[in-house]
Amino acid sequence: MDFLDIFLNANFWAASLRIATPLIFGVIGALVCERAGVLNLGIEGIFTAGAMAGWMAVWLGAGLWGGVAVAALAGAFFGLIHAILTVPLGLSQHVSGIGVTLFATSLSYFVYRTALPDVSSPPRIEPFKPLDIPGLSDLPFIGPALFQQTALTFLALFVVAATAFVLYRTPLGLAIRAVGDNPSAVESQGLSVYGIRIGAVVAGSALMALGGAFLTMSAFDAFFFGMVNGRGWICIALTVFASWRPGKALLGALLFGAFDAFQVRLQTDVGSFIPGQVFLMMPYILSIAALILVARKADYPRALLVPYFRGQR
Amino acid sequence: MPSAPTVLQLDQITKRFGSFTANDAVSLSLKKGEILALLGENGAGKTTLMNILFGHYVADEGTVSVADRSSGALTELPPGQPHAALEAGVGMVHQHFTLAENLSALDNILLGTEPLFSARSARAKGRARLVDLMQRSGLTVDLDARISTLSVGEKQRVEILKALYRDARVLVLDEPTAVLTPQESDTLFETLKTLAAEGLAIIFISHKLDEVIASSDRIAVLRLGKLVADQPTAGSTKLQLAELMVGQTVTLSSRPEQAAGRVLLTLQGASAGDGRAAIHDIDLALNSGEILGIAGVSGNGQATLARLLSGLEPLRKGSLTLEERDLGRTLHGQSARTMIEAGFARIPEDRHKDGIVGAMSIAENLAIETIRAPQNQRFGFLKFGAIAERARAAIKAYDIRCQGERAAARLLSGGNIQKIVLARTLEANPKVVLAAQPSRGLDVGATADVHRRLLDARARGAGVILISEDLDELMRLSDRIAVIHRGRLGPAEATETLDRSTLGLRMAGHDHAADAGEAA
Amino acid sequence: FAKDKPLKVAAIYTVPVEQQWVSRIHKALTAAQERGDVTYVYSENTANTDYERVMREYAEQGMDLVVGEAFAVERAARKVAAEYPDTAFLMGSSFGPSKPNFSVFDNFIHEPSYLTGMIAGATTKSNVIGMVGGYAIPEVNRLMNAFMEGALSVNPDVKFLVTFINSWYDPPKAKESAFAMIDKGADVLYAERFGVSDAAKEKGVLAIGNVIDTSADYPGTILASSLWHMEPTIDKAIEAVAGDSFEPADYGSYSYMTYGGGSFVADESLVAPEALAAAKAKEQEILDGLFRVNVNDGEPKSTM
Amino acid sequence: MIRFEPREPASLPRLILIPVAAALIALLLAALPISAAGVNVLEAYGLMGKGAFGSLFSFTEMLTRATPLILTGLAAALAFRAKLWNIGAEGQLYAGALAAVAVGTGWIDAPGVILLPLVVFAGALAGGAVMLGPTLLKTRLGVDEVVTTLLLNFVILLFVQMMLEGPMQDPMGMGWPQSEPILDQAILPKLMDRMRIHGGLIIALAAALAIHILLKRTVWGFEIRAVGENASAAAHAGLPVRATFIRVGLLSGALAGLAGVGEVAGLKGYLTADLSPGFGYSGIVVAMLAGLNPIGVVVAALFIASIFVGADSMSRATGVSNYLADLIVAMALISVLVSGLFLRFRIKFIRPHAAAASTQAASQETK
Ligand SMILES: Nc1ncnc2c1ncn2[C@@H]1O[C@H](COP(=O)(O)OP(=O)(O)OP(=O)(O)O)[C@@H](O)[C@H]1O
Ligand SMILES: Nc1ncnc2c1ncn2[C@@H]1O[C@H](COP(=O)(O)OP(=O)(O)OP(=O)(O)O)[C@@H](O)[C@H]1O
Ligand SMILES: [Mg+2]
Ligand SMILES: [Mg+2]
């Protein structure tokens, strides 16, 4: 078979990284929220909002980086709603998250359709172009595999490193990890539990929205309904898969990307006798398998899903 | 120390929860280097007062003032701001620890001590300061160990270090010894005295009158939210203090002579659990009509032994027989039911977590162990009337203070929660009673009540296994005492032949009298 | 029916109106509305669960004509139609018409697809053509099969890669599939779905358009396109309803090239003149009824 | 500054008044997008009401839409009561529908009295079986069920697609990914002529009543509540914790499976991969709106269904984009959620200098 061919092809690796990029933003965003103790099931909607808002801004003439900023702001906005509902108000994180997904998705669609009622084909923007890094991009194999991505992919990789640094090396990261483990530890040291949690959810949601923005501003150049297509939910699974660690999250997203890229390539060969769905199922099944393997060891944030009320025991 | 400056002043503090007054115009002051013990029944308002001092709660009336770091003048604290209290030099060790279990000791101590948005944390400097601090205070812990791997005593040391690292000048400890062994308590008080000698002012809350008298300079007593006494320790007696707390004379029940009966329960070569908490090759024989005490430093396998006898932990090796019936075989670690049906009553160590379902009513909590018995259900449908009626009877018989059998169990105080557990487990006339730390955290009155119930069970012919870290309690109640250390249980010996220091040595791992002298 | 008043027409789509297929219906109806023949309302992205309700609501509102896609709701749609005999229904369907008022249509643009196949077959240098489709259903299969036949008719050595993305609407995914085909050597892509032409443009290969003309969006990329025009079908139906002569019928043939329902366009700057000439000649044969393109609804397979 | 004080038992008028007020607030909020789209707001409200309650047809449509929501809502409510976080009702719904189709399309030839119960049972069983996996993984290996159930949704949907494009594809379906139709005798009876409302509604209402009785009056229900509130104490008290989780998992999955049965055997007659527009996820919302109360689930499902059907119909009548319907449902959800706070807490507004007094928020003892 040409299995080997596939892996030896630099484009395969490039595709893996490309497919992984939105997931990297999403999983890091989800991770930041969950590290602070808040599950954010609003992610699917926040992806959509980021995709729509970023694209719309560029279409209205904001410039690509302006679009990225607008997407992040949109994500932060919906993150703030989720944060207010779940942190000081202490509402169920599941329901609030699903509510935010509903809200963000329908609002994005409604705004898009109301702004552009009569389009017969989706309007397009000039998206991010692959960066041509002199020297690196021309390297054999490595060049096309790693260095012909758009700026957003590099931003995603930078976000992973930055998140890891903040979480493990700075006082802020320590506070985030602590508030997800035991909020009263944070409060008794004179820090604000609500402040840290709200901040983390807002920041994490902004990152998620960048994943959406990647879809409309880099992977593609237009906004479509249903474009996010479950990518947000996958990030929730990847977060657990990664045991809430940024490095492993990157790895998980890349694995997922590689699997998807692999299945797309394999399908043209064996698609005729193995149903394509089998390949599509694989990442989910593997995620479950990975969960079973890591479940016992994972040091999950102990305060995840538990609202904190000051003065409560 | 009459000449020392005042560092803390509570002035006319009043705190109401709805119509209930938890603190009623309480005034207290504390001098530099002084150790003050705060006494009071459960619910007297001690924790509330300390929470106001630390800024967790806001007083309805009254002020808290702390001496200014530079001028020494008393300065009023802004209410409701823990960080202001921390900055003014108030440190607090809560009744329930406030540590992030997944983080290291160092992380827990450094948390919040640096500006949040600084690019790097100065860990190396912090560590150096802490090492120095540990040396001076004698409070040593492994700074890199995860909190979840530390013992209770170590966790407490981390809590104290948290306060000292922030240059606390007033240290508040809420029931610090409730979860400590006698040895650990002794060490703690030695440390506290050292710190006090260096000028730290200390308030500690305790229900244990012995240690209060031994370790404090001054004693304040709260009753029903009011300060009823504020006196020097010198000259105070246990009896007088108990009366001040309760408002009436307390009588402690003691164990009447009684001949032990036939053998009820035997463990032979029993092993269970894994890791540090495992138990190995335990031999034990419990007679009817006796209380068998099990002494030991917490974390030496008591929890596993209790779980085994509760039917929550499978027997890995050996046998467990009750009146010649082999129970070990049927245990798979999920068979608490087997044990209940065999006649075991279990009083779990953590009554909040394992004793009650807080959100359910008192009646439901009283019926929970026998919910499948015919008196509680027919064809799978609950008999509400019967359940409620029996609950009302139990509330009366056990004097459970509550608003009625429909009230949620979580609304009760620890002592009353313990009464629910006692009522439902002892109601069925059990053959064996397993009591794990049954009076931990309870005040004098509640403790006396628990002890009376255990002695009643003994008088009825039940065998009682009493797992406790409180040597006084063990010596007063037990017919025989065995010591558990590192998962191995020593022989049970008649209480009359034992004294506190022998037991203390054995608990620390120095071997039993039989093969004397050998260190573990 | 009073002829002086515009007809009331409603359309129900299961996807957003940007989706290629539906956009053709939407366009034809919008045009009819602009002419003043009809008043036009529509519901897009209607879940199948809700489809029947929406049909009934429109029927209850007294619509003269309801246009839509019955594909996943055949039975229900026919039942509703039967219960509202005064409303005409014109539905996309793989099945035949049914009494008394249920007419069907479909995108029978296999003819222009054959022609674009000829162009593709003549243009490919690697002799590998990649095809990315939505689902392997008749509406898609017949176009792909005609395309493949056309390509083989001018270049017997050409090989095909076929992938279905199992979604009607996932452009990033279609794009990835197309990238994978380019990796395997495809230099011409058959763009059944949105997203494929984007990959072609990015990687500098060529693409064949389907249903709508996107050459302006991808300059220098779209070799040729087979276009679908719903105007003949819609206009025919409106005429019939207005003339009170609406009968259950298969409007599928109005998508044939002879009726102007399908057409073929090519980018002359990209296509070799001989290839274009051959295709044009074949187009004339089709229009003259001298050549018939097979309708093959079977699932196309990769041939390498 | 706002401060919350717990309010233990909410009074009955409050229980009714507050959700109603929330619904009104949601409608007020909806005025924003409605007027943004250039429609007269009052007229739009009128149309919404008409769309959900204006005629026998719209009313039955609303009930039809509520039917699967009641069942998935019950699935979530029951599981959440035991703190078994079943986010997989969507997948279980499809599994139920697939099983119903597998049994009901001629594979077994039997008269309706046998076949119909068989179809219903098969669907319930399949839904339960799907939930069994995550439940066992949770109880045996401690694997987080939020993620496993969520992931299984995708696996099952793909599996359904695979079956619909493979072995279970309708040979008469022209290659469309859809199943054969369910035999006539295995179709759930229609409740009303010419309307879509079907026997699934009866199943749903009966299920709500049954779950209500189960939780309130039976030993199993007692055990479910105890395990949900404090699994550790329940284990200590000798309750069968694992068995309870498994029971709840099976039952919860079965309820979601029944929702699938209703959609396929009551409404559509055959299965396609887009059977459910997210009923499984909406079920979670319904359950939480209902405060996990089975009877409340019926009310909440009717509420969500009428908002959706009404807004959808209104959008059609006014020519506003029909995404408005989802938007109004989302806004209604958020307002009802927030209003729930007014039920549980007494909310006081206090002057800034006294603000610090807000420190004791909800102060129930939880430890
Ligand atoms: N957050 C709160 N909300 C309402 N009432 C409270 C709250 N905290 C304490 N109380 C009330 O205040 C009283 C005093 O409680 P507190 O915790 O101060 O008692 P304590 O003296 O520390 O008792 P213990 O010895 O059991 O620790 C209690 O009886 C209780 O009714
Ligand atoms: N948040 C609260 N709301 C209402 N009452 C409370 C609250 N916290 C504590 N209480 C009440 O305070 C009283 C004492 O509480 P506390 O938990 O200190 O009891 P305790 O006997 O000390 O228990 P423990 O032995 O576990 O410390 C109880 O009556 C309890 O119901
Ligand atoms: Mg206290
Ligand atoms: Mg206490």
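Each Cβ is built from the backbone N, Cα and C atoms, and glycine gets one as well.
TrEMBL lists A:12-32, A:39-58, A:64-87, A:94-112, A:146-168, A:194-216, A:278-295 with the feature transmembrane segment.
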Range from A:12-32, A:39-58, A:94-112, A:278-295 with the greatest count of C-beta pairs under 8 A to the transmembrane segment (A:194-216): A:39-58
Positions on the same chain near the transmembrane segment (A:146-168), where near means CB under 8 A and six or more residues out: 13-14, 17-18, 21, 24-25, 28, 31-32, 35, 68, 127-133, 136-137, 139, 176-177, 207, 210, 213-214, 217-218, 245-247, 249-250
The transmembrane segment (A:39-58) versus listed stretches A:12-32, A:64-87, A:94-112, A:278-295: most Cβ pairs under 8 Å: A:94-112
Recorded stretch that, among A:12-32, A:64-87, A:278-295, has the most CB pairs under 8 Å to the transmembrane segment (A:94-112): A:64-87
Intrachain neighbours beyond the transmembrane segment (A:278-295), with Cβ under 8 angstroms and 6 or more residues off its ends: 234, 237-238, 240-241, 243, 252, 255-256, 259-260, 262-263, 266-267
